[in-house]
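> Reproduced below are the annotations present in TrEMBL:
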- 20-40: transmembrane segment (TRANSMEM)
- 46-69: transmembrane segment (TRANSMEM)
- HIS67, HIS189, HIS193: Zn(2+) binding site (BINDING)
- 81-102: transmembrane segment (TRANSMEM)
- 108-125: transmembrane segment (TRANSMEM)
- 132-152: transmembrane segment (TRANSMEM)
- 158-182: transmembrane segment (TRANSMEM)
- 189-210: transmembrane segment (TRANSMEM)
Amino acid sequence: MKIINKFPFGEELANFISHAAGGVLSVAALVILIIRAVSLGNTLDIVSFTIFGAALVLMYTTSSIFHALKWNKAKEIFEILDHSVIYVLIASTYTPFLLIVVGGKEGITLLVIEWLICILGIVFKSFFVQKFVVFSTLLYIIMGWLVVFVWYDLLANISNLSLVFLILGGLFYTIGTLFYMWRLFKYHHLVWHIFVIFGSIAHFFSVYFIL
């Protein structure tokens, strides 16, 4: 029988509220990013900014619904979606940086790799959502830090402000995974959610000030 990680009501309510708040912020972020991209006047900016912003909305919406539901078949489905959209968000976060900042063969190659890992991760989570948690978490982290392979290309074109927020976001997400894995204290998942929100905010500003 599948092992279900049931949070007490208070913890699950906090989990829901935190990412519902993140959902509201993500909708605002999407609108602001689209306006910003349109002002830049480049189709690539509009497409990549929209992909990133939409992924934020998708991730926070899915997470909020998952934590709001009681344990039933619907919650089991949303658990898979909740874990899977993390891969989508990571690949979507890469999209503006690899298309706009890095570009060329290197940027396209890494972007394809990121989206392929995303697809494989979604398939993996569809079958093993509550198993191999360490492996899937490491896959999140590896996806997030593959940027080191195009680091010098990134540095050559990205603004200093964008770079600072990009690194901060990566650190917030990475440190947050420790609390996601460390399940020995109450509200550990809420702490993970808070780090995710900080990471998202940092990456929002990184994309906004990308050039």
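Any Cβ shown, glycine's included, is placed from N, Cα and C.
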> With an 8 Å cut-off on Cβ-Cβ distance and a minimum sequence separation of at least 6, pull the same-chain contacts of HIS67 (Zn(2+) binding site), or say none.
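Within the chain, HIS67 (Zn(2+) binding site) has Cβ neighbours under 8 Å at GLU12, ASN15, PHE16, HIS19.
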> Rank the binding-site residues HIS189, HIS193 by the number of other Cβ atoms within 10 Å of each Cβ, and give the residue at the low end.
HIS189
> Which residues of the chain, 6 or more past the ends of the transmembrane segment (46-69), have a CB below 8 A from one of its CBs?
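Hits for the transmembrane segment (46-69): 12, 15-16, 19-20, 22-23, 25-27, 29-31, 33-34, 36-38, 40, 75, 78-79, 81-82, 85-86, 88-89, 91-93, 95-96, 99-100, 193, 200, 203-204, 207.
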> For the transmembrane segment (158-182), which partner among 20-40, 132-152, 189-210 gives the most CB pairs under 8 Å?
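Looking only at 20-40, 132-152, 189-210, the most contacts with the transmembrane segment (158-182) come from 189-210.
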> Given the Zn(2+) site residues HIS67, HIS189, HIS193, which other residues of that chain have a Cβ within 8 Å of the mean position of their Cβ atoms, reported in sequence order?
PHE7, GLU11, GLU12, ALA14, ASN15, PHE16, SER18, HIS19, SER63, LEU190, TRP192
